[in-house]
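Annotated features, as they stand in TrEMBL:
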BINDING   Gly18, Ser19, Gly20, Lys21, Ser22, Thr23, Arg125  ATP binding site
BINDING   Ser22  Mg(2+) binding site
BINDING   Asp40, Arg64, Gly86, Arg147  substrate binding site
Amino acid sequence: MEERKDGKQHIFLIGFMGSGKSTVGELLAERLSLPFIDSDREIEKSEGKSIDEIFSREGEKAFRDMELNFLVELKGLKPSVVSLGGGLPAINGALELMHQFGLVIYLNTSLLTLIQRLKNEKDLRPLLKDLSDAEFHPFVEDLLSQRVHFYKQAKLIMPNERNSPIELVDKLTKELNKLNY
């Protein structure tokens, strides 16, 4: 990653797992001619392990520490579109860091949509993979309710329900233009 040379900042995409941060982030980065960084993929690269392995071997707290360290390392680097883990905004001090050197955008996705999306990829999500069908919906609902307060502290809140990823990127681009980004 290169150091920042102009006044632009990172664009941080936050939201619950399954909200489309990585998909939208890649498209937005391409549209803005910026690098795209997925925090999970970067952590996997630096640790030489999958997120699932990190969770099972080292625990969630160790992973959250890695996420926070990743965020700190972005400061001063070339602006990028960055997809962040769904739990990172709830870590003490993380939102403050994001706001210091980036524009924070929350991809606001309803519980029903998240449930539908996550059911198909439950086995790929460390926090969800061991849940029974009966536990799944209440767990997602509870975790979302714990995190939504943090997500709503974003500079931009983008509803992410009825739009395709391309349509959402079109709307995001218009909002970024209004902010002279």
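Going from the start of the chain as shown, residues are counted 1 onward.
Glycine too: its Cβ is placed from the backbone N, Cα and C atoms.
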For ATP: widest Cα to Cα gap among Gly18, Ser19, Gly20, Lys21, Ser22, Thr23, Arg125 in Å: 16
Spatially closest candidate among Arg64, Gly86, Arg147, the listed binding-site residues, to Gly20 (ATP binding site) (Cα to Cα): Gly86
Among the substrate-binding set Asp40, Arg64, Gly86, Arg147, as the record gives it, the longest Cα-Cα distance in Å: 18
Distance, Gly86 (substrate binding site) to Lys21 (ATP binding site) (CA atoms, angstrom): 9
Inter-residue Cα distance where the pair is Thr23 (ATP binding site) and Arg64 (substrate binding site), in Å: 22
Most crowded position, judged by CB atoms within 10 A, among Ser19, Ser22 as binding-site residues: Ser19
Sorted by sequence, non-Gly18, Ser19, Gly20, Lys21, Ser22, Thr23, Arg125 residues with Cβ within 8 Å of centre, ATP: Gly15, Met17, Val24, Ser83, Leu107, Arg117
Cβ atoms near Asp40 (substrate binding site) (within 10 Å, other residues, all chains): 21
Long-range Cβ environment of Gly86 (substrate binding site), under 8 Å and at least 6 residues apart: Ile14, Gly15, Phe16, Met17, Ser19, Lys21, Arg147
Cα separation, Asp40 (substrate binding site) to Ser22 (ATP binding site) (Å, whole number): 10
Reduced DSSP assignment, Arg64 (substrate binding site): helix
Inter-residue C-alpha distance, Thr23 (ATP binding site) and Asp40 (substrate binding site) (nearest angstrom): 13
Listed in sequence order, residues with CB under 8 A of Arg125 (ATP binding site) and six or more positions away: Met17, Leu118
